[in-house]
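Chemist: Supplied in structure tokens, the structure appears directly below.
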């Protein structure tokens, strides 16, 4: 990965004066985002001395593989299937693909541009408009939450991985304490009928129970009951309390954090080397599992349920909201990690190619995971004579830990080997996702406290994550995870994404942004990207958010609603994240309180002296280029709206 170097300046960029003269500032009465001036070239050497280069990737392939390892992870294999399942399968797929093209891809490309052009983290990148630095801190808050509950998923994965070394997979057969209505995951329907195994479910039941068939929702697979009763010890109702952490899962959680901590400790250089394995290995296992799932009885029905559109569901705002938030999770955008990774590229690196490769692979991975999960659900429906696939399991965040093990239990040859490979893959995906998130947090803290040694920062960070993670390994942990995911990440990320786009495209200025992109990539962004960034993406985000809030329905986990106190706690979490934006905006203005009111406000929204390419060579070229473009703009006579349309549909050559 990139080489670690310390930053000698721990102050935020907006604490420094801009390159504009006081006379120029006094002349301006509205928000302007022209940025640094070429007249200040003499100050660049001192600026570069203050702000050391953070290093670059060893090669472009390491950057690509590291982004794949981070973006193609739990968001695809774990979150996408249960989100699709809870939103109607095919009803979810169409909005997801549409929004992936109109929101997900533009955001991924945007964040790569922001990071590579500025060479800074998701906090310091807001030197472009200091008033919006709260967007970075809101994303920091969400990243802390998602990193802590990703580690709990790694703990579950490690638990299953250890169980995979048993002589017989522990979830393959029903246990007596699980009750009568249990179907062995390892057996087939025809095998049970030929051996009269079906009768064993009902032989001790009273007469009215004899009217039940295998189609009754009461029947559940041994894989599902193993997850709920043996692994989680899940309570029936959140009103019963969350309970104490399970000691086995707590040990697995510790092992997960230890793994993440060691990878970060080894330095970002070794992380780049590991990315080759982290990015490629999961596809081998996932494709093998897809092939097996597709050959199961009833799998075709499940896959058709996944890919068949349900046009009436497209009118439900919650489906579109789920789809757009899944885009953020799937691609890991709006969490700061993409900006952080891209910041260590050379400014002329071809990120457009990388962005298209990664986002396309991400989509393919989600579709593979979806087909695999729904193929397994189709088989479960066949095994239990259930016509409606949406009622086969309760759904929720544990769907992946029910469906994948159920399919593995049906492997006739060496199921233990495939189980080990699969859960090693899941653990590897968890490391890739978690290391990306934690590296982003570490870089931000390192900028604030540059004199603190790496181990003095990483160890407390991991201990803090471990302590928070113990909440998720309690019997009520999945309730808390669902609550945190909904209020602490989905809503916060959605809102911060909207402000991120507004801050870059509309406050810094669309033409300024287009000039920076062309300077960096030596090519003009196509009209598709320009229209998405300027109009389509922000309109979609605002429309979906407002419609979702207006028609908000109670949060549900596995068919159970949350009590009022849980929603109150969720709202508090939401407020902590979202309020970062106005609080930091106000602070940015108050730093200039010695100025007249209009100037105090406008300066908070203008770029600081530190905005622009970090490397001195490119920074000089950029300032000269911006000065040339500024003169062209000053000579224009058209109204502002006409100039904006010109930039949107036709861009002048450099």
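Just so it is clear, glycine is given a Cβ too, placed from its N, Cα and C backbone atoms.
Automatic prediction, not curation, is the source of TrEMBL annotations.
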Chemist: Check TrEMBL for me: it has 72, 76, 429, 433 binding Na(+), so pick out which one of 185, 186, 187, 330 it puts in that same site.
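Modeler: Na(+) site check in TrEMBL: besides 72, 76, 429, 433, the record includes 330 out of 185, 186, 187, 330.
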Chemist: Tell me which of 212-237, 394-419, 420-445 corresponds to the transmembrane segment entry in TrEMBL.
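Modeler: Comparing 212-237, 394-419, 420-445 with TrEMBL, transmembrane segment matches 420-445.
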Chemist: Transmembrane segment per TrEMBL sits at which of 2-24, 25-47, 531-553?
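Modeler: When 2-24, 25-47, 531-553 are checked in TrEMBL, transmembrane segment belongs to 531-553.
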Chemist: Please identify the range among 457-474, 511-528 that TrEMBL labels transmembrane segment.
Modeler: 457-474
Chemist: In the same chain, which residues outside the set 72, 76, 330, 429, 433 have their CB within 8 A of the centroid of the CB atoms that define the Na(+) site?
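Modeler: What remains near the Cβ centre is 70, 71, 73, 74, 75, 77, 332, 362, 365, 432.
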Chemist: Out of 319-343, 420-445, 531-553, what stretch is closest in contact terms to the transmembrane segment (247-265), meaning most Cβ pairs under 8 angstroms?
Modeler: 420-445
Chemist: Three states by DSSP: which one describes residue 174 (disulfide bond)?
Modeler: coil
Chemist: Using C-alpha positions only, work out which of the binding-site residues 72, 330, 429, 433 is nearest to residue 182 (disulfide bond).
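Modeler: Ranked by Cα distance from residue 182 (disulfide bond), first place goes to 429.
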Chemist: Restricting to the same chain and to residues at least six past its boundaries, which positions have a Cβ under 8 Å from a Cβ of the transmembrane segment (420-445)?
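Modeler: Hits for the transmembrane segment (420-445): 54, 66, 69-70, 72-75, 77-78, 121-123, 136, 140, 143-144, 146-147, 150-151, 153-154, 157-158, 160-161, 164-165, 256, 259-260, 263-264, 268, 271, 275, 277-279, 281-282, 285-286, 288-289, 332, 335-337, 339-341, 404, 408, 452, 454, 457-458, 461-462, 465.
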Chemist: Would you say the transmembrane segment (486-510) and the transmembrane segment (90-110) are in contact under the rule of three or more C-beta pairs closer than 8 Å, pairs 6 or more apart in sequence?
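Modeler: Answer yes: the transmembrane segment (90-110) meets the transmembrane segment (486-510) with 3 or more Cβ pairs below 8 Å.
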Chemist: Roughly how many angstrom lie between the C-alpha atoms of residue 76 (Na(+) binding site) and residue 174 (disulfide bond)?
Modeler: 29
Chemist: Got a sec? Which of these binding-site residues, 76, 330, 433, has the most Cβ atoms within 10 Å?
Modeler: 433
Chemist: Of the stretches 60-78, 277-307, 355-377, 457-474, 486-510, which racks up the most C-beta pairs under 8 Å with the transmembrane segment (319-343)?
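Modeler: Going through each listed stretch, the top one turns out to be 60-78.
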